[in-house]
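Engineer: As listed in Swiss-Prot for this protein:
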- 48-55, 75-79, 93-96, 160-163, 191-193: GTP binding site (BINDING)
- Ser55, Thr77: Mg(2+) binding site (BINDING)
- 40-212: domain 'EngB-type G' (DOMAIN)
Amino acid sequence: MINNEKAVNNKRSTDGGKLFRSQVKFVAGAMNINQIPNFSLPEIAFVGKSNVGKSSLINTICNNKNLAKVSNTPGRTRQINFFNLADKLIIVDLPGYGFAHVPISVKEQWEVLISYYLRNSHNLRLVNLLIDSRRGIKENDQKVAELLLANKREFQIIFTKSDKVIDCKNLNNEVQNFLATLNYSCNVMYVSSRSKEGARALKASLAKCIKA
């Protein structure tokens, strides 16, 4: 199901906007599985390849450009970062996958950390699988999607940096074929941290997790 701001009703958009105008703060970081905290609040996670724009997107929807550290260098996020939104939601920023320019041991550590969290979090309500609009769906993205399905995790696909793509027709076809292969149906959104395209619809979808 392709989703955009027009497809989300006004009530949901308003609820999402109100929630994400609330106070949000960093509450924990985990560099290994033993450091992962157990919150009593519902969690929403952002996962994707290195430099896909996870931190920028989190800053955009939370209206705080300094919340999650942003870098043009892939592999900047080296731990799981947890943010508390108004004592109603925990936003989870996962390390990027697929970054080659780190020692193999570090890369494996990140993969174990990401996989463990996605498999074992008791409060995880929704995973946002971020994919660079300019690059399309890659093998690593498919592996993560398959991991989520195997563990019965609900997810939606977020194409980032949509302002840099003129025609999304090919992407639409690609993602529909991808979902058909997985035998899965979910929201698909196009967002841009620069132009704010899609931010409102994304906030509305995340706000629904409070009642899930």
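Just so you know, glycine gets a Cβ as well, placed from its N, Cα and C.
What you see is a predicted model, and the numbers here were worked out from it, not measured in a lab.
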Engineer: Give the distance between the Cα atoms of Pro95 (GTP binding site) and Ser55 (Mg(2+) binding site), rounded to the nearest whole Å.
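Structural biologist: Just about 10 Å between their Cα atoms.
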Engineer: Which of the listed binding-site residues (Lys54, Lys161) has the least company, meaning the fewest other Cβ atoms within 10 Å of its Cβ?
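Structural biologist: Ranked by other Cβ atoms within 10 Å, the binding-site residues Lys54, Lys161 bottom out at Lys161.
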Engineer: So what's the average pLDDT for the domain 'EngB-type G' (40-212)?
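Structural biologist: Mean pLDDT for the domain 'EngB-type G' (40-212): 89.
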Engineer: If you draw a 10 Å sphere on the Cβ of Gly48 (GTP binding site), how many other Cβ atoms land inside?
Structural biologist: 24
Engineer: Taking the Cβ of Val191 (GTP binding site) as the centre, how many other Cβ atoms fall within a 10 Å radius?
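Structural biologist: Around Val191 (GTP binding site), other Cβ atoms within 10 Å: 28.
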Engineer: According to DSSP, folded down to helix, strand and coil, what is Lys54 (GTP binding site)?
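Structural biologist: Helix, per DSSP.
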